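**Student:** I'd like to ask some things about the structure below.
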Amino acid sequence: MKRLRSTCLAVLIGVLMMLLCCDQLPLHTCGKVGEESLKRSYLSFFEGNRDEYVRRYSSFPDTLKAKMKDMAKEMFYFGYDNYMKYAFPEDELNPIDCEGRGPDVLNPSNININDVLGNYSLTLIDTLDTLLVLGNVTEFQRAVKLVIDNVSFDKDSTVQVFEANIRILGSLISSHILLTDPKHPFGEVGYEGYDNELLHLAHDLAVRLLPAFENTSTGIPYPRVNLKTGVPPDSINETCTAGAGSLLVEFGILSRLIGDSTFEWVARRAVRALWSLRSNETGLLGNVINIQTGQWVGKQSGLGAGMDSFYEYLLKSYILFGEKEDHGMFQAAYESIQNHMRRGRESCNEGEGDPPLYVNVNMASGEIMNTWIDSLQAFFPGLQVLNGDVDNAICLHAFYYAIWKRFGALPERYNWQLQAPDVLFYPLRPELVESTYLLYQVTLLTSLRKMPKCGYATLHHVVDKSKEDRMESFFLSETCKYLYLLFDEDNPLHKSDNKYIFTTEGHVVPIDKRFREKQWRDMFPCEDGVLKESEPNHRPPPSNISNCNRIPEERRYALPLKSVYMRQIDHMVGLF
């Protein structure tokens, strides 16, 4: 999807949120919106308006935008340079002690660390395409050479298949594509002597992940593999829906790049297996499943942890590969989400009642299971934008931003009934910034900058702001990337004729006709449990319909969310 530089959406979202450091900026209107007389007629409604929300949310001068762009770049390099100085070739930087971190070999059960860290220079690999987004071709080429010269996956490391896929495999594939792209969106980034080494590394890693798909009765993969020996003998038979069902983008691109259907086949088989096990009553899936029996161990259905990227990859797989089946599954899933998880008034920006909210429900009955939501759910407004449901995206994004305004970060879990965090830490997650970028404008930049001496640390407690000595790789790969892109309107991702999409780890992938062509026949001829075009819930994708037309014209030149509803959301999270 081209990066939302169209005039109508830019003005619609425009200045959706207040930058944390600029409460008192004067009213400043967006430029280049087309018909000047139409713009003036709507903006005149706000002239002299002292409404607090109009005053605070309607301003973003170009000088401030340039300043924020520089701040985002400085933030990235502060974390990146210190990782390279104190931590490389280890996986992560401990930003308080200024030292590197690798797998916890003394405690193999410490999956919080060992699921992610594989002793393969994780942060450097995960950061490769961010260097290009920031325009640093020289450092990108140096980093690629460091990866080629130093990284091997022949390691006695047991890692989570999902994390290795999105962080490592996805970045290697993205960087290889950008290195070899004949359209040169970032300039001449290739260098003499590059011989597809990143693609070879990606292939090698994917082969080492394949044992996860073997010896399972359902085709749903084991959650972890040892990169040397395969599935550990004591491996559990339970995995989460997102972990098993969010492999298709990276595995599918790899298959289509090298002409080997194996990787896409196993990933697509897992998605189909999960889909076939959804509830007959609600159409919802649970969050944890037994890969041998196909029984749901966790019956909670929501948009956050354990489920988030499953929905994301159904839509993004369709965008990349053009498989109608993927689109059909996504639309059916989205309809079930709207029917059973969404609470509040029918319309985001009209009518009476509580603000819309997506809650955790029982997959079989649709009944609310608890009163908390988690920070990973903040990705969903961005997915709604990709799906064209901009109105609902605005409301949900405003809700999460209100939580951020209250705490200066997103708590890992927030209890919407108690108006208080249930789980207090914040590991610098990118989901809210990602949705903000897809909604085009605003940042959380100034809050994130208040971090320790040689990097950016996880917030252990969003209230007292105590810190944990860890900087996860996604901070540089995603959070900084989306923050920078918010303010760099001239970035090649925005100006190029190419169209791009981001993986769930924020890696840049072009929408390329190569990925819509297969060198093999269809792998699943009409299996049971898979949505067919003839089924009632299947709706073909719309053609030539702009998301702009979904928004009333006057709101393209004013606040996207009416002040009364913005105030209501602030009350909802206890801001005042």
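Positions of Cβ are set from backbone N, Cα and C atoms, glycine also.
Model, not experiment: these values are computed from the prediction.
Reproduced below are the annotations present in TrEMBL:
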- 1-24: signal peptide (SIGNAL)
- E163: active site, proton donor (ACT_SITE)
- D308: active site (ACT_SITE)
- E412: active site, proton donor (ACT_SITE)
- E431: active site (ACT_SITE)
- T504: Ca(2+) binding site (BINDING)
**Student:** Could you state the CA-to-CA distance between E431 (active site) and E163 (active site, proton donor) to the nearest Å?
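**Tutor:** On Cα coordinates alone, these residues lie 16 Å apart.
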**Student:** Report the same-chain neighbours of T504 (Ca(2+) binding site): residues 6+ apart in sequence with Cβ closer than 8 Å to its Cβ, ordered by sequence.
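**Tutor:** Listed in sequence order, they are I166, G170, S246, V249, S309, E312, Y313, K316, F379.
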**Student:** Determine, to the nearest whole angstrom, how far the Cα atom of E163 (active site, proton donor) is from the Cα atom of D308 (active site).
**Tutor:** 14
**Student:** Taking only the Cα atoms, work out how far D308 (active site) lies from E412 (active site, proton donor), in Å, as a whole number.
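**Tutor:** So the Cα of E412 (active site, proton donor) lies 14 Å away from that of D308 (active site).
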**Student:** Fewest other C-beta atoms within 10 angstroms of its own C-beta: which of the active-site residues D308, E412, E431 fits that?
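**Tutor:** Comparing Cβ neighbour counts within 10 Å for the active-site residues D308, E412, E431 gives E412.
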